[in-house]
Amino acid sequence: MRSHQLVVRAQCTVRLSHRPALHVKCLLSRYPSKRFNSHVAQSNRPPRVAIIGSGPAGFYSAYRLLAKREDMLIDMYEKFPTPFGLSRYGVAPDHPEVKNCEDKFMEVASSLNLNFVGNVDVGNDLPLAALKPHYDAILFAYGATKDKELGIPGENTLDNVHAARAFVGWYNGHPEHRNLDPDLSGETAVIVGQGNVALDVARILLSDVSTLSKTDITEYAIEKLSQSRIKRVHVVGRRGPLQAAFTIKELREMLQLPGVSFDQIPKDVFPPDSVISGLPRAQKRIMQLLGKGSSNDPKTSPKSWSLDFLLAPDSLHGSPEHPDHVSSVKFSCNELDPSDPHSPSSKVIPKTSFDGQRDHVDIPASVFFRSVGYKSLPLPGIEDLGIDFDTQRGILPNDGFGRITSLTNKGKPEDLPDGSLISHLPGLYCAGWVKRGPTGVIASTMTDAFTTADSIVQDLAKNGDSKSLLHSPNQSSGLGWDGVKAEAQRLGLRPTSWEDWLRIDNEEKRLGGLVGKPRVKLDTWDTNIFHEIIGGGIIFH
Amino acid sequence: MVFWKEVGLQLRRVPKSADICLTQSRRHFSSRSWTNTGITAQRNVAPRSPQQWQHNTARRAFSVSAQAAHGHITPPKAGEEINITFIDKDGTKIDFQVAEGDNLLDIAQANDLEMEGACGGSCACSTCHVIVDDPDTFDKMEEPSDDENDMLDLAFGLTETSRLGCQVLMTKELDGMVVRLPTMTRNLQASDFESK
């Protein structure tokens, strides 16, 4: 029962689905009023969805939505001029295979039904309230924009104390972190936290620069790393080996780094063989690998690293000569709770000496990184949509399927299979790290995004296609970006389109080709191509 | 303007190869057969007809180029076809005849089965996880490498006979193999609402 326009449109999509579509698409999106005929009867118009964020969560959601509903029209908002979020700015440059997911994202974006709106920071530059009237559903996929702090003395006062997140952003050309300029002239680095980000930081610090220089790592990072004198990295955790968060691939890489030895883990902190043999497969394999360690001889290896367990950071200290620059970290010693020492969820208790005093250890550190997790923040204005951000868990409260729920029962009550009640906020969804917290690999985000997309498609079908989820029947303008654009213009925003990104992408690859790298990221917006695209206006702040 | 000229030229080049890939993959598997195993009785899966299948592929416009990008499979020579059966997430059985050396991810993608290869088949994710139906067939296969096992450790619904599709190359010994795509459906759990 589709309108004539939509049938034609669908045929166009099929015909244009190969790459040439891009050319046509860009013509259309330069004149977006032709993109979609707004005079199509409201009751037959396609559903309009806004996705906030263009990282893996946003793109995998869009992919699934379009696979399930060919008529859906999606506007994807991104605060940076460039797409792909943590795939571009988070994945380590020496893991290019992980970024292959971008090939899929490029395909998804080549669909006429997806409209990329870059360089528009929803919530900060463009109020969420400006979006709401024009959509049937809004999906938040903006990830985790901050990192957790340790809250210890010296963390915010001493020089050369960094968030691992900022360091990762620095070597990846993240616009907010390109000026980090870490001091790597000392010999010892201490990283607090034992997840994959911590191992990424350790690996970049210990890797041979000639290997890294062939990746898309930024030039300034290569320059800095080639002068680095770091030869010892401590990766410190509060709990024991069984509770560490890194995954086995990252650990194996660290243990195979050429010229880098690994300190054997002391027997007293390592679980006994009887425990290891009874572990589930994944944990057992990690423990076996840890027990084996590295084959690199400490005597002949110029660099080394260690996993230091059962140490909680207490305070950071400068030296008498350089009181403002970090030089050592004081840790308080822990021990595993004797009532349950060998499970991934084991807790720790303070370790004390015979006299009842807490044991302490000092580790020298010429540079310090905290890597104890990322954290999502509430987008300004979400309260106007009735959303109460869960500050305790750092997520948008949801039903596990991506439907945002109200903690204060402001929404539509629904029964759960177990008989309890849940309060949904119709038309509001979330996916990725802002939905389930900042853990998991891209594959987990994909599964998670698919789940959310399926919920949206289900809810649309349940609601009857003529009705908007976000509004009472027929109250949404259904215009999407075409309805929002005027307000964005009034606010002086300069959005980038998908075609702009393709130009940037092309230029980055061209520059990379000249120096034997996959791409050279344009990490400042102060380049000709951005001036051309955005017309020299404000771009980034 | 030079840029647009370049883009135009590049774009014109792509569909040719895409078309070739597409028609190739369509031609080889014209003999697909559909049966319902009935293993998901609760969900009352109806057997899909080939017509429905056609409709689906046409509908998923943008995934067409996915096949061009990933699903590189070779046509089996007459008399050398290897039989393989996929059981998809709905419990539907689909049979294919394939050539030696093709991997399961490429076969699945060339035939529009619901299998992602997020890392492009480079053994860097677990999205092409498959479960070999028969343990004896699993034992006949080469041992997974450490790298593959490392990724399988992160797979959702890991079993004793799990493999990554991108790492399983078809051989004559595997003729008649049945592989299952793991279901990713999850039920609401109390832990979804707990603070971690």
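Using N, Cα and C of the backbone, Cβ positions are placed for all residues, glycine too.
Counting only same-chain residues at least 6 apart in sequence, those with a Cβ under 8 Å from the Cβ of A:I442 (FAD binding site) are A:P56, A:S87, A:V98, A:C101. Residues annotated as FAD binding site in TrEMBL: A:A57, A:E78, A:L86, A:V122, A:W433, A:G440, A:V441, A:I442.
For A:N196 (NADP(+) binding site), the Cβ neighbour count at a 10 Å cut-off comes to 19, with all displayed protein chains included. Residues or ranges marked as NADP(+) binding site by TrEMBL: A:Q194, A:G195, A:N196, A:V197, A:R238, A:R239, A:E250, A:G440.
Averaged across the domain 'FAD/NAD(P)-binding' (A:48-206), pLDDT in this predicted model comes to 96. Here TrEMBL flags A:48-206 as domain 'FAD/NAD(P)-binding'.
Among residues of the same chain six or more beyond the region 'Disordered' (A:333-355), those with a C-beta under 8 A of the stretch's C-beta atoms are 238-240, 242-243, 271, 275, 283, 310-312, 361. Summarising the annotation, TrEMBL assigns region 'Disordered' to A:333-355.
Note: the CA-CA distance between A:G440 (FAD binding site) and A:R239 (NADP(+) binding site) rounds to 20 Å. For chain B, the nearby binding-site residues by a Cβ gap under 8 A, listed in sequence order, are A:V441, A:I442, drawn from A:L86, A:V197, A:E250, A:V441, A:I442. Taking the Cα atom of each, A:L86 (FAD binding site) and A:N196 (NADP(+) binding site) are about 14 angstrom apart. Using Cα positions, the member of the binding-site residues A:A57, A:E78, A:V122 nearest to A:Q194 (NADP(+) binding site) is identified as A:A57.
Under DSSP, A:V122 (FAD binding site) is assigned to a strand (E or B) in the three-state scheme. Within 10 Å of the C-beta atom of A:A57 (FAD binding site) sit 31 other C-beta atoms, taking all shown protein chains into account. Proximity of A:V197 (NADP(+) binding site) to non-local residues of its own chain (separation of 6 or more, Cβ distance below 8 Å) is seen for A:A164, A:R165, A:V168, A:S371, A:Y374, given in sequence order. In space, A:W433 is the closest of the binding-site residues A:E78, A:V122, A:W433 to A:E250 (NADP(+) binding site), judged by Cα positions. Taking the binding-site residues A:R238, A:R239 in turn, the residue surrounded by the fewest other Cβ atoms inside 10 Å of its Cβ turns out to be A:R238.
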